Every structure is written in C-alpha cells, then in structure tokens.
C-alpha cells in the first residue's frame, strides 16, 4: 500500500502500556513507514529500561527522535516540534510515510495542531520579580495564566514553575517572521483498553522493568553525572527509583507507590486524549484486547490503496 493524498501522517497514540509501538511497527512494515517517537523521555540516550524503548521490536523499521539527546539536557515542546518537523520533512521527501507514535500529549499537540512553537528566551527581569514569591504564590500566578494546566510537574518544582510562567507570559515580536507550518493531514489511531486490563498490563510491565535492571540503569545515570533532581524530571520510574536508591523508600514501597503513580498517569493521558477530541482531533479508537492491527487496516483502507 502507498500513501494517498488524503493522509501524510499516520499517528498512533494511547496510554502507557497500551501496545502503541507494536502496532506502529506492524503498520510501518505494511505502509513503507518510518516511526517518529512522540515520547518525552525516549529522546534521551542511556535511558532505555525506564522509558520502555523496546528497540528490539522495531527490527528493520527506521525510527526517529529516539536517543538524540544526552541525559541532563532538556527537551522542550519547542525542541520536540523542531526535531519532529525535520524528521517529517525528511521522511516525506524520500517517499516514505511518517508514523508518529507516542503518548506525550504536549508533543502530539505540537505535531498535530498545525502551529509553530516559539522558542522562549529567559527573561531576567521577570525572574527577578518572581524570586521572592513563595511556591504557593508562583503556582497561583501560573494557574492564572494557564487555567487549564495539565502538566502538574510544573507545579511541583519551583524552577519549573518559574519557567512555565516565563513561557506563559512571553510576548513574541510581531515583526518576527515564522516559517509556515507544513500542511499535515493526519490520520489518528488510538489504542483503548478496559481499565482493569490496562492496570494489569501496567503492573506486569513494571515488574518486568525492575527485573530487567531499571534500578541499575538509574544508578548508572546518577553515577555518570545526572543529578537526582534532574532525574526527577524524567518521569515516574526515575523519580521513585531515585528515592529508593537514596534510601527514602524500601523495596515494597517503591513498587506500590510507583505502580499507583503510573496508573494515575495513564488516567491523565486518557483525559488528555479526550481533550484533544474536544479540540477537534478525530481519533479512531481500536480495541487493544482484540486485534488492533486488523482494526487499523479497516480504518486506513479509505486512506491508502
């Protein structure tokens, strides 16, 4: 099958542990596709087990935006969009189909909503004004600027809250010319599971990651120079794993608290996807417990021939 003029970006989304990568790889093989990761953590090298890269699943299928930054660096939504557009245009120019795959809502929005992000520079004057504010005052300022604040980690760390205020307050120069966003015609597929089954899959996967050496991976990152505070930014596995390695959690509490936190994270992802639908993104939902590949084929038959 070849891409048609009605779709130039196939997107596969779903909550964590839903089987997105496996579906993306299967469709990439059938559609001459290349996968672009929309995962805020898989961009980092040497963060393999905790982020669930599962690179063995790709086989010969080319992938992009995995292992492109060093641990300790940041990958803002602006950075992701720039990298995504570069990969999208490269894949398209070679006559292949870009397949965006992931569950990071901000990244998916940056690719699908058709507007260019603006790189926000630091504002020394604003930072000086905010320096004497309490954490509660900073949170109130951010929530005033962005009432629909989904990224709760921005409220959990003072520096992140200040940066979020900086971004929300930024007024770009009207004279600043922006390159037009390329015409993207997406077909969006989502994988949906019964809540109880998704919880079982999440718990099973966490056990597998711990057995595969996730804690050793976290320790090696820290030994290699990544501060515990920085590791906190890289997701729940690294945050709770760091607490365990610092002696602040025992093994049982690590598993129970991390497992519960990932379940809550999956709920937030599902909330984000519903928000995307309310904002006009059509998502064709597939039953994860059935045959999502067959379901996907039925949907895409009207777009590819």
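Numbering starts at 1 and runs along the chain as displayed.
Including glycine, each Cβ sits where the backbone N, Cα and C put it.
Owing to the predicted nature of the structure, the values given are computational and were not obtained by experimental measurement.
If you check Swiss-Prot, you get these features:
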type    : residues                       : note
BINDING : 14, 15, 16, 17, 18, 19, 20, 21 : ATP binding site
BINDING : 16, 17, 18, 19, 20, 21         : substrate binding site
REGION  : 39-42                          : region 'Interaction with substrate tRNA'
SITE    : 104                            : site 'Interaction with substrate tRNA'
SITE    : 125                            : site 'Interaction with substrate tRNA'
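In sequence order, 103, 191, 288 are the same-chain residues whose CB sits within 8 A of the CB centroid of 14, 15, 16, 17, 18, 19, 20, 21, the residues recorded for ATP being left out. Taking the region 'Interaction with substrate tRNA' (39-42) as a whole, pLDDT averages 95 in the prediction.
Neighbour density at the Cβ, taken as the number of other Cβ atoms within 10 Å, is lowest among the binding-site residues 14, 15, 19 for 19.
Of the recorded residues, residue 18 (ATP binding site) and residue 104 (site 'Interaction with substrate tRNA') place their C-alpha atoms 13 Å from one another. Note: the Cα of residue 125 (site 'Interaction with substrate tRNA') and the Cα of residue 15 (ATP binding site) are spaced 39 Å from each other. When the Cα atoms are compared, residue 19 (ATP binding site) and residue 104 (site 'Interaction with substrate tRNA') turn out to be 14 Å apart. It is 125, among the recorded positions 20, 125, whose Cβ has the fewest other Cβ atoms within 10 Å in the structure shown.
The Cβ of residue 16 (ATP binding site) lies under 8 Å from the Cβ of 52, 103, 202, 262, 265, 266, 269, each of which sits 6+ residues away along the same chain. Other Cβ atoms within 10 Å of the Cβ of residue 18 (ATP binding site) number 25 in total over all chains. Compute the center of the Cβ atoms of 16, 17, 18, 19, 20, 21, which mark the site for substrate; besides them, the chain residues with Cβ within 8 Å of that center are 14, 15, 22, 103, 191. In the shown protein chains, 23 other C-beta atoms lie within 10 A of the C-beta of residue 21 (ATP binding site).
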